[in-house]
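Encoded as structure tokens, the structure appears first; notes follow it.
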């Protein structure tokens, strides 16, 4: 079974070291510090530096969302926490370097990419697309495949982002379209290509346990709290930044209420479901992204958040099972419900808001084109990337090894002997 | 047993959606962005926005305290972690919206409430009162009852806060009186009204396990670290803000030393007790709250923190059992020791400091009146709220289902089968 | 066995309360608020205060690294999480008070130590040395011994730091030499003196379990994210602060790639090892510390980070076992690999960078002297401290009680009965 050769000893180190070496060489050629001028001594002046540092606290909030937020959100799987937080860290750490290059190539000054805090924020943003797609294929792909996906997804993201922001001149301050919808549909396309019939009837490890659900809430809550920073970080003026903070804060608060209400409404005996609480409470941040800096009014933001909480929870309950059974899309984390539909909702809200004149110089047709472009790049790019990831050479876990850290990680013995063995009988399986 | 009808399927969604709908309508009528003027175009100017954004990093620290700090501090119960962090999020997300309205109604400009970052900080503050009271009744109330408590407690808090700050002109920058003492005694009054004789001899789930204690330390440490932001966030001048930061930082550091020392002194064989470490280490932040911005000297702050650590630890050891057995006050998290007594200590320290002239324009009698007012509003408001929460219509968990997530949450199966079943035999109980 | 008298009931409270009392008295005599002048009314002016508050967000990042980062990084031991995060908090809370005094005595103004945010950052820094050394002796020392170590290590650190920064005029913005190398070799010297032959063949509790490894990742990720704040916090100008942020961010990102690659390369079947991921991914932050504010170029920072990730991972795999078996240095957390070698690498990189003119006014010989001084103070200071800690009077855990919280903490019963008893049989042991 060459496709299931899960031994990474040669492939993974070679790929990782090669990618890092190429990256360092490209940095040596192209990247310098932001010195505030188009030519000069390549060291930052105090004024430029102070200007850069103004955004530093917001950058750190975004950084926490990327590394703690996404990383811990995915620890909900009972035997896949090492991979969730660990591979998340790997992809994000490489992705931000790659993102600086890919985004930077569209914005060179004197043939150089100038490192600034804004560029660091955008680099973190570019990794978010990968981490969203990672959620769709979580548990079913190898680190080698995922590094390949990181290279391709960020490259394509940078092209689409340039098209949307610079060519179309569309507004997407919180990136509902260019990050959330793009990342989700890219990941769903990859998941479709990597469809595993053997997992049609589920997998015993494709679920949470009590403590893994609590770990996941660390991710949820940090994402929820710092989302106003995400949606406002690249706003052009203090006025727009402040508006984006207020709108996102209120959208998320309203979203929590509707997500909890609908979770209780659709669940057995009115109980709350952790999957909904961990994910759908965040849909308000996604959906208000595009029009976060627009003058939609506090209650407008709350309306968007309320609707996002409702459709996201309903999606987890009713749509995800259909996608799996009818379309062959196995979406491990339900990114379609957290990033996909709320991202489209955000794009539509942006079209409506610009049409209603809520954004200075905003143009509804350009917003619509940006949404279409993001979805197109995602579906085509994701499909091609999926086929590249499917090449047998990279290796991927066999169906029975999915959702299990022990394929790619040294897992402590006592855990297997003890806590998990009753349910899984791994030790026997391993010895058999 | 209609009072124990724990099925939330109809009640909870209806209540949550109705509250959110009312809130959005009130926001549509009354709330706009801070535009820096009393009349105008209802969009923030760049100058006003930049001014607002100065407080944003401090706001985020407070936000982390509310959602991670309070949420994870309460995860110490071994089978109630979903509710602790999840219901904490629900109450805080609704409470901040309600707090903007209730506090805003006392400070309208041109008939409008202007959203600013300072207002967001104050809204987060208003939710802290609810989360403190939540600690007193943790494990013994339903989400429906707790949403009712949120509405009432924040409404009453806003009235007392207005009286203390505007009418009495008392100083309470870190809110020892208006948040901590108020929240604690409000919650204790509710707990007294909801007294459960059936839990007189304890409950098997009213305790921690090893990992739930570690999760709780996440809450403790984030609260401890960011408390200087809490106590300085609404200070009027940079001078007072800086003083509050230094005083709170030192008070908390000293408090850790005395809390650890006393914990070891009073415990069996000199061992440390996690309950003390998780809670009493924070008492220094509560107790220095009122006089955090006063010129009490670094050593004065350390003295207050040292005393707070001592009385808080002694309270957990000796007073809580008496409150339970003699007064019928079942205080799950011991909020009397963390927020109640240290809050009163903070109020008394504030009276002394103003009497000693440590605060410009501070008046000791007004400080005393503020303390009395906060306690009075808490006890009367909490008692009334408790009786409203006790109405059979809302439903509350039966004694045997207390401290158990599975009443209101879908809990992963494997956990029950596996790890917990040996101790609790829940599965059998459920099937019986 | 008086040396193994683990009952802390008298010793620990007396020591902790005495230390705190002495500290408060010294604060009363020597410490006032920063008022921006060398004489005056001892209350901060608005201008000084505003200036101080500029550094406050960076201070909070460092604070999170000290209390969450170090605290949770060490929770990886399966039965020592209470001590890791709890004793970390104790040592850091006392250490920062002691650090303000010890560092302040070298920088008095008018016979007073002026509290500023910069001083709070430096106080947090001084505790980092202790927490690094704590990692070397984790699980094998009592809180009493560790408080003694805190007093001595910070006192000696302050002398070396003064020598390096003021007398030698060496540059060490991210403290590769004065904190990381110093803390590591100080701790290793202590560990050598406290060598336990009885642990030569390991200990059943000297290892992780699944969830303790996930808890440790909370520490890793927060350290990783906020390291740019650590390395830039005390930079003299915005230009240098910004440069330090960029260099540290990139060094850490590159370090992740090489640490993962080498971990897979050297491990059984190419699997990743959590010990490497938790620790070696951070070596890039340590190694770039000394020259973080120098004009080494983005790719220079990435080269340093890449090398650090490689040597750190190789150190864990090949060097630590040799240190244990041949030199009698039992380094629980492997601080030699995370702080020791990368700290020396940082010092060497600093010598090279100043020799190449990358730092204005930097002098390579002074950098070399600073590295030698830091190592000398560490080895001599650590050895003396080790012998003081070894005095039988303080008490230390017996070999069989090492790595076990239950010696110094009340540990929940149900955990022992349940989850852990299968592996450890503690209950029987305790009853026997």
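The backbone N, Cα and C atoms fix where each Cβ goes, and this holds for glycine too.
Check TrEMBL against the ranges B:148-169, B:368-389 and you find transmembrane segment recorded for B:368-389. Check TrEMBL against the ranges B:321-338, B:339-356, B:393-410 and you find transmembrane segment recorded for B:339-356. Only residues 6 or more beyond the boundaries of the transmembrane segment (B:89-108), in the same chain, are considered here, and those with a CB under 8 A from a CB of the stretch are 16, 19-20, 23, 26-27, 30-31, 66-67, 70-71, 115, 119-120, 122-127, 130-131, 134, 143, 146-147, 150-151, 154-155, 157-159, 161-162, 166. Packing against the transmembrane segment (B:242-262) from elsewhere in the chain are residues 173-174, 224, 227-232, 235, 272, 276-277, 280-285, 287-289, 291-296, 298, 300-310, 312-314: each is 6 or more residues past its ends and has a CB under 8 Å from a CB in it. When Cβ-Cβ distances below 8 Å are used as the criterion, the transmembrane segment (B:368-389) is approached by residues 133, 141, 145, 148-149, 152-153, 156-157, 159-160, 163-164, 168, 170, 172, 177-178, 181-194, 344, 347-348, 350-351, 396 of the same chain, each at least six residues removed from its ends. Confidence in the domain 'Ammonium transporter AmtB-like' (B:24-408), given as mean pLDDT, stands at 95.
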